[in-house]
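A.B. asks: Before I ask anything, here is the structure I am working with.
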């Protein structure tokens, strides 16, 4: 059955691919991306759904199932409501008669005012009360009472357990009173008021010991039992609790008086010269650890600590003394001052030592103003940022070259990209920003930087070469950055291209093609003749449409520095890609330690532009120095603020660098002592761009080993200067490496005068190979042995004043005079030395071949026996290869 792509269906229908994708999702079709395929039936159903709104693709039995599943939910809700009502009915029926009677009396008094009915109800009330009190425990457990009633009953039970004999006469009197007269509601209120007034008088007349409060509390409960007015009595209970608090305050006043008396005595003792003894001092010393424990106890919950924090800042955060923190670090083998920075491991160890819960936050990379766009500012659509990644020589730059219709790839030395190139391309009236990253293994940081600023990553894989190491690394960078991934299968025009094998290799590492049920687009292309490139661009636009990429055009401009260099005639320049806001010519900007004012903005074609909008790519001039690649480039209000932030950042980085030099562990001290035996190669590196400089430094530092260490004494972006020559001349065996830079005439003359060697390169392969060769020459050579021959001892001759001569038969190879020899007896090496004399009959011989007899005498060794074996060998020295 023929299948139709969703994007092609949308074009025929005259709609956008995103609209068709959303409608297909509403219908329930199994589509994952806007470029997924549809069958003829699905396409017909989607066409009908868009035109009429009728979903004919979903079968009827699914709707029935949905309705049936909804019905039991209603039934359950009804049953739950009915069960709740039944519970409420049970509660009302099981409540006690006294309360219901009480409610009916109050209602009848207010509404009707008929005293005969009230008297009957009040007469019934005391008669029912004792019956309910004498009921068994089983009945009480089954009864369901209201929460207010249970509180009153609990209070009555507690009191009656303490005072059981007083309850019986009161009950009898109640019965007699109920027979004689049933009091009205107003009379009951009046009686309770009189009793409260009398009781307050008694309380005022007897303000005695605190134990009396328990008697008063029993009295309140008795009154509440007689008056049947629980709400008012509960308030009285609260008042009595306030009396207890007054007693506590009074105790505190007495304690304060005692403390004042003690302090007066201490002042008197201090003036007494006979009291200045060690006992008082010891007491003062003992209080110090109590203070520290109190401070530590105050900290509750996890403490958020930034990753790059100084020792004194850590002590302030955890509210501990600085000396204690330094002491713990010293015990762990780290000598640190208060201004040294703590790494993640040290923070975790300190938290364990001080028994704290901490959460380590990532340190902010840039110490500049946070750019917060206005909340009310509208978010406008921006072009997608696409990064092209992949292995070396898989055709990344050739693909971009075909898209831009220019010959950039031929301009790169060795045909490999060594910088990040950023370009703008227009397709179907829409712009796309492309970032080309190098594929060489030395440029890992550049690839990760390109993946972090992008929206869509195109991984170029050669169909004839398959998945390589840098391909896997690029895929992991893109996946970690959480961006859309499109895999372009390049070099499809070659005969040995095998796309199925490539798909299988990608599926093994977790990148399954869309056709195989995965979520990744695999597009066959040929950067040489342009096959499939248009399809790739359309896929990029469809992905961008689905992502709904938007950015604010208001607020401070914010960008990322992709590459920076020092150009002659322009000074420090930086290639940036905008993230938000609009950058204009003349804006004050800051990027890491660099600051300045935007003098000019140049697009990828070298033309001047006045402003740069989000996702735009341009080269900025006017900076004070070359910023580091990956730095945040941001506009500020004026030049003063820009300079302040750049200076703060420079000071912070300097302190961090000094911290690394001062903070030394005991193990590192031992290594520094042992490094006196190490051979070092001092180097000065100058490169044309910041990214290339970082890559070269990282690659060279990996070459250091146990015998040889590379010491980079100077580095920078720009040409080789005379100051570099003088610095190189001060250190022995030093070397200047230039990458894409050339020394001028005066620099060459000074280098020749001071005997400084300068090596320049345009390909990173050649630079690394030469440094490896230099390091191999500094390393101790490898000594290998080569066996030349063997001879068996057949007879020995002892000659006075000469020594022992062994008569031998050469059984393997040849025996040479002066060569090194081992004497082997019963398979064990007895002696190692050299042959001092070799004779054939009576004549001296230089060499005796296999099958001939000869006489052999060793230097300074005469212990030779019949049956011993002479084994001759040569030592061959070879240089180590890194």
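A Cβ is built for glycine as well, from the same backbone N, Cα and C atoms used for every other residue.
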A.B. asks: What range among 366-373, 374-381, 382-389, 390-397 does Swiss-Prot record as region 'G1'?
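C.D. replies: In Swiss-Prot, residues 390-397 carry the label region 'G1'.
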A.B. asks: Out of 424-427, 428-431, 432-435, 436-439, let me know the one Swiss-Prot marks region 'G3'.
C.D. replies: 436-439
A.B. asks: Ranges 478-481, 482-485, 486-489, 490-493: which does Swiss-Prot label region 'G4'?
C.D. replies: 490-493
A.B. asks: So among the binding-site residues 390, 393, 492, who's got the most Cβ atoms within 10 Å?
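C.D. replies: Per the Cβ count within 10 Å, the most buried is 390.
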A.B. asks: Quick one: what's DSSP say for residue 492 (GTP binding site), helix, strand or coil?
C.D. replies: coil
A.B. asks: 10 Å Cβ neighbour count around residue 396 (GTP binding site)?
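C.D. replies: Result for residue 396 (GTP binding site): 29 other Cβ atoms within 10 Å.
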A.B. asks: Let's see if you can do this one: DSSP helix, strand and coil counts over the region 'G1' (390-397), in that order.
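C.D. replies: Helix, strand, coil within the region 'G1' (390-397): 2 helix, 1 strand, 5 coil.
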A.B. asks: Taking all residues of the region 'G1' (390-397) together, what is their mean pLDDT?
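C.D. replies: The average pLDDT of the model in the region 'G1' (390-397) works out to 79.
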